[in-house]
């Protein structure tokens, strides 16, 4: 019996208390459960857009962590980020209140629906949102939880009354294998989270289990442009796997005739899936996003729709309501024909994809790409130092801020200066400089930027708050400069 199957359990639970409710994953769980009728309360150390959204819904959000916060709770939900010395966690143990992980709660919520789980090193959030777009277009009204804010809904989760539950599945600590998926998506597999997995083989094994756990009537969708994914699925014969790609001619779903213009990608899709006797072409699919990586993300959504025999005409136009994900190549603003972009990219593969997209735009308008990168976690920089050194070669100027530690202690003898020096030694043509204080960013950028340039701010830390105000700051500096010139002339 699941939490959803027995509606009477809602009143028996008492309060579901969520520790760290402001996190992107936890806030989604909270919103879905609240809309299902559960009594939800949570706590977090800081307020953010997620906690404010939950408060507006009517959810009690407590500031800080305190043992008294769990009073009246019937269940406590925690994420992997919550340490065992957390006072609320300790109080729940003493009170013998059941403590379950976010992944376990997500699994329970998904169990009464047809569960579609999207995992992979990169592109999970966008892929999840694109699948939701097609399902909405087909009138299927799914329930959705993503790892980012969907711009068309201003939330990362919403409840639908249909049969499908579409959710991003976090692979960082192997909890994604707990999700009772009927359909599993793997976007790619990259060297990441080795602090948990210890080695790359263990990470690959977790993805294998993710597929093997599917029921006999389920199927996986996998990107075979990714060589690691390609090698993985070649060894799995006990589950149905639909493949997609751009470069791979053998993919069941393949995009070709790709064109980009004015923020849109258009392409044709060749279908060689199991349920088609002959090859089928969908022409002129339009995606309101740029970049090869986003086209690949859309192909995963198309693959699921095709396998479920959804209307091909609806599939073709299924992305028209896609408004993007917050911090995924988000245009913050413009000033003096200069564009400021904010992006969550914090892994070398993500950085390369983001820079490639910016480079395409800049080249068309004869501008430059000026990148500002905030490294995220000492452990990630140490683990992927060589990859970080080589991923910025297509920018014209690069500024690297101090490392956002995300709670880690500096035990790696690394700094942002280490990365700056390494990049300088490899790419003499790239202008690269450290930024010791992001408050100085507007003045630094203002002195360098020219019309038609793209200013690209990347990182998973607090660089986003600097990106949010940069256009206004640059505009203010421009006005001051113009006023100063006029005053001097007079």
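Each Cβ is built from the backbone N, Cα and C atoms, and glycine gets one as well.
Residue density at residue 121 (ATP binding site): 23 other Cβ atoms are found within 10 A of its Cβ, drawing on all protein chains shown. Taken from Swiss-Prot, the feature ATP binding site covers 120, 121, 122, 123, 124, 125, 126, and the record attributes it to sequence analysis.
Apart from 120, 121, 122, 123, 124, 125, 126, the residues listed for ATP, the same chain places the Cβ atoms of 118, 127, 187, 188, 297 within 8 Å of the centroid of those Cβ atoms.
Secondary structure from DSSP puts residue 126 (ATP binding site) in a helix. Summary: among the binding-site residues (125, 126), the fewest other C-beta atoms within 10 A of the C-beta are counted at 125. Neighbour count (other Cβ atoms within 10 Å of the Cβ, all protein chains): 21 for residue 122 (ATP binding site).
Every protein chain shown contributes to the tally, and the Cβ of residue 124 (ATP binding site) ends up with 27 other Cβ atoms within 10 Å.
Summarising the environment of residue 120 (ATP binding site), the number of other Cβ atoms within 10 Å of its Cβ, over all protein chains shown, is 25.
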